[in-house]
Amino acid sequence: MGPVKKIDISKYLVVGPENTKGRPVATIIKDAVNAGFTCIQIRSKVASAKELIGLTRHAAEAIEEAGKSQEVALLVNDRLDIVLAARKQGIKVDGIHVGQTDIPVNVCREYLGEDSIVGLSARADELFEYIKTEDVSQLDYFGVGPLRETQTKPDCGLGKDGKVITRSLADIAKISEISSIPVVVGGGVKLADIPSLAQTGVDGFFVVSAVTEADNPKQEATNLVKAWNSYKSRKRQLTKQLTPPN
Ligand SMILES: Cc1ncc(COP(=O)(O)OP(=O)(O)O)c(N)n1
Ligand SMILES: Cc1ncsc1CCOP(=O)(O)O
Ligand SMILES: [Mg+2]
């Protein structure tokens, strides 16, 4: 089975063993996928290569058991070697997410091929410049953040002065407007943020702790999915009502 053909980053879970309060990563992924999450990223800064391959395998199995291997993309954070090793072992992994200081996008693309998904994150201030000056044709989406400072990734948005630069909803709306590829926003995102984030026009949200640290991850994932989908379907209805007849 080949990679997911069309990526849906609207409801995106990032997860590793350091985020789950000791619960199995695969169980949290299963809960999220069954609740309607559309994209999963394995991200661990502590797991060994062998553990990362195992986590990727279990994630792919969880997605398959939910019957969603052709809709829900499975990505690995940072580690091109893990994506390649996992694929060599027959694990269905759809691509990679890298940041500005990680393996360059063109190298990921060269090794993973045209059909794979390659996502890139950048600080929003740098992203404005990036979108204007760089060739984004090798990329499938941008990851942007943080909306708020977050303990999950304390270095996210860290400026030269050591202070965290968070993104305003206006910045996010602007990025979404000028980007020619989909944009997903994360970093400190909680249920209450979903309506205002959806209104910026971005293509999706990503979360770690909102789901992985919840007492009931399945319920929290369901709440997030419902909040996003209800805004989006209301917007569709409104567009339909407001479009004048020919
Ligand atoms: C969807 C998504 N967006 C942003 C990031 C952050 O990536 P990066 O800046 O490379 O930082 P690390 O995650 O590697 O600490 C992401 N992982 N996913
Ligand atoms: C911004 C960011 N980028 C990758 S992980 C992460 C932190 C998101 O964590 P949380 O959803 O727990 O705030
Ligand atoms: Mg990275």
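Don't overthink the numbers, they just go from 1 along the chain as shown.
Backbone N, Cα and C atoms are what each Cβ position is placed from, and that goes for glycine too.
Since the structure is predicted, the reported quantities are computational estimates derived from the model, not experimental observations.
Checking the candidates S10, S116, S121, S180 against TrEMBL: the one annotated together with Q41, I42, R43, S44, K45, N77, K153 at the 4-amino-2-methyl-5-(diphosphooxymethyl)pyrimidine site is S121. Neighbours of N77 (4-amino-2-methyl-5-(diphosphooxymethyl)pyrimidine binding site), defined as other CB atoms within 10 A of its CB across all chains, total 22. With a 10 A radius on its CB, D78 (Mg(2+) binding site) counts 20 other CB atoms from all the protein chains. Under the three-state DSSP scheme, N77 (4-amino-2-methyl-5-(diphosphooxymethyl)pyrimidine binding site) falls in the strand class. Taking all protein chains in view, 17 other C-beta atoms sit within 10 angstroms of the C-beta of D102 (Mg(2+) binding site). For the domain 'Thiamine phosphate synthase/TenI' (12-211), the model's average pLDDT works out to 94.
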